[in-house]
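Novice: What follows is a structure written as structure tokens; I'll ask about it next.
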Amino acid sequence: MNNNFYRNITLWIVIGLILILMFNAFSAPTETQDKVPYSEFIAQVERGAIDRVEIQGKQVTGWDAHNKRLETIAPDDPDFIRMLKERGLRIDVKEPEGTPWLLQILISWFPMLLLIAVWIFFMRQMQMGGNKAMSFGKSKAKMLTEESPKVTFNDVAGIDEAKEDLVEIVEFLKDPKKFTKLGGQIPKGVLLMGSPGTGKTLLAKAIAGEAGVPFFSISGSDFVEMFVGVGASRVRDLFEQGKKNAPCIIFIDEIDAVGRHRGAGLGGGHDEREQTLNQLLVEMDGFESNEGVILIAATNRPDVLDPALLRPGRFDRQVIVPKPDVRGRAGILKVHTSKVPLAKDVDIETLAKGTPGFSGADLSNMVNEAALMAARRNRIKVRMMDFEDAKDRVTMGPERRSMALSEAEKRNTAYHEAGHAIVGKFLKGTDPVHKVTIIPRGRALGVTQFLPQDDKYSVDSEYLRKQISVLMGGRIAEELIMKHMTTGAGNDIERATDIARKMVCEWGMSQRLGPLSYGQKDEEIFLGKEITQHKNYSERTAEMVDQEIRSIVDHGYNVAREILETNTDILHDVSQRLLEDETIDGKVIDEIIIKYHPDYKPDPLPVENRSDGEDVVEGEEAADSGQPSDEITEPDEGSTASASEDGAEPEPSAEDESDAPATQPDGKSEEQDEDSPRNQS
């Protein structure tokens, strides 16, 4: 670094000297003088006004008796010198001043030299800055240094099975004889697969901190750029660096950026990304071996990866990094709250039970939001209520109390959400109602949340049919009480239809059509699939499919309508309580139902609701002298937190934002095939 510093200083000194020299050459001081025409100078000589003459090339300078200086340029006139002699003037002759040859060269070449010097300077700066502007084919992999902050396996919680697989890799690097003496070989590659936020990159950082061998990290998008051939060249350079530093670990994050299925899209096979993938395949398991180089890659889209990349010999071990269960969530929360001052009322186990479907990143974000909320409330410790409000914010978005709703719109929203909640309460087997609110959050005008008692990994047809009934509850309440229909139920209807369609076409839950799969799934052209879609069933079957979907939705609608028509008084009371308090929890609804049905037995909640009058958020009056305090879950694989929108915003509601982060665009969970709706709107 010192050598580069001195080179830069020297370069600037040379440039400065050249500029000073040029300035001196072009701005030499000159004496004050009077330039006169040649004819006037001759006239002055003839009148005898000039006493002395100095000739320097074609420049003639004369002085009179008062030492006044006159200057002119003399042409090639042979009579001029003779005239001066005849007048008896003193004539001095000097050599013409010439520009030094070195200066002439500098003057002529200075612009070019300056441009070259500036270009070299900036190229060197870019190379020293890590951009490697002139090294297009060089790998951009960063090597972990001793000074880098280290993450260890102690910082990883909630994914014990995945951690065990990677701990074994580290142990192999530290003590290979333990494994090789029985004929075992170290895996050449490990592919980490899982939903976003589950801790794949964190695991890689832990390996880097524990392995004690050189660790190179690079992103899949760093291989391919605008220049043809750069990707393959960078792959070669990356593995060359790895071989020089073997044994070592190479980590490629988001490998799906470069490892997608070959032949994808419409651009043909000679694609720059495909050439990069081909080179990666050769380097991983080609003619030459890569002894001591372990490749670890992470992706949340294993379905788009090329099959040749996934075979044993390249990625010998595929590690699933799932979303944590309740015990894993407790471990993750303990890690993230270790540096947060917690009040005595904070129960980590309760938080873990109330957050099914949350990933590690979701839990980290929730803890951070809780700390920020406690700071805004001028507290010295984070309380349980801060965590509860943080979960509301993470799953449903921030409150929009400034949003002005008319009384009619608020009343419509209250009945809509009450319809969801009451149907959910009377249908046993659904997830318990956790919280109902008519405070606008995100794009939602109202939210009904359902909290599962346990993590769910599969659901039965009866559960799905009841979910459709709960989804229909909002629209039916509007029809019964408000005598009109609004756009607020648009998302409910869409989701109910989607569930029914999947029950018939994908999950084989139709008695009439049987356990068959109907229809070609939507395939992405850029995943190497078909451009067009084909129906694999007849028009008659298509008509039967539509009839079955309609039948399932109509059945759910009729069940919900019967419940609400029978319990109109309860619907009025719950809606009125919502208009008064804006937010109520499941216990409040249970109390209202028991008033009309004394023999009603409410479902037990997985987390006991707390009432703490001191923790009511300003501006929000909560039921039971306290804000509903049970944990809110983010829906996905097993989560049934639900949110619902009512009102004039027809676009997908923020209630669905609670399951948006956890599901794919078609609503399918990334960890499972079930697509049961977790949130009711």
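Every residue, even glycine, has its Cβ placed from backbone N, Cα and C.
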Novice: Which single residue out of ASP325, ASP345, ASP492, ASP498 does TrEMBL record at the Zn(2+) site shared with HIS416, HIS420?
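Specialist: TrEMBL names ASP492 for this Zn(2+) site.
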Novice: Count, for each of the binding-site residues GLY194, PRO196, GLY197, GLY199, the other C-beta atoms lying within 10 angstroms of its own C-beta, and report the residue with the smallest count.
Specialist: PRO196
Novice: To the nearest whole angstrom, what is the C-alpha distance linking ASP492 (Zn(2+) binding site) and SER195 (ATP binding site)?
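Specialist: With distance taken Cα to Cα, SER195 (ATP binding site) is 26 Å from ASP492 (Zn(2+) binding site).
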Novice: By a simple count, how many Cβ atoms lie within 10 Å of the Cβ of ASP492 (Zn(2+) binding site), its own Cβ left out?
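Specialist: Neighbour count, Cβ to Cβ under the 10 Å cut-off: 29.
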Novice: Tell me, by DSSP, whether THR198 (ATP binding site) is helix, strand or coil?
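Specialist: Going by the DSSP assignment, THR198 (ATP binding site) belongs to neither helix nor strand, so it counts as coil.
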Novice: Of HIS416, HIS420, which of the binding-site residues has the most Cβ neighbours inside 10 Å?
Specialist: HIS420
Novice: Tally every other Cβ atom lying within 10 Å of the Cβ atom of THR198 (ATP binding site).
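Specialist: The answer is 27.
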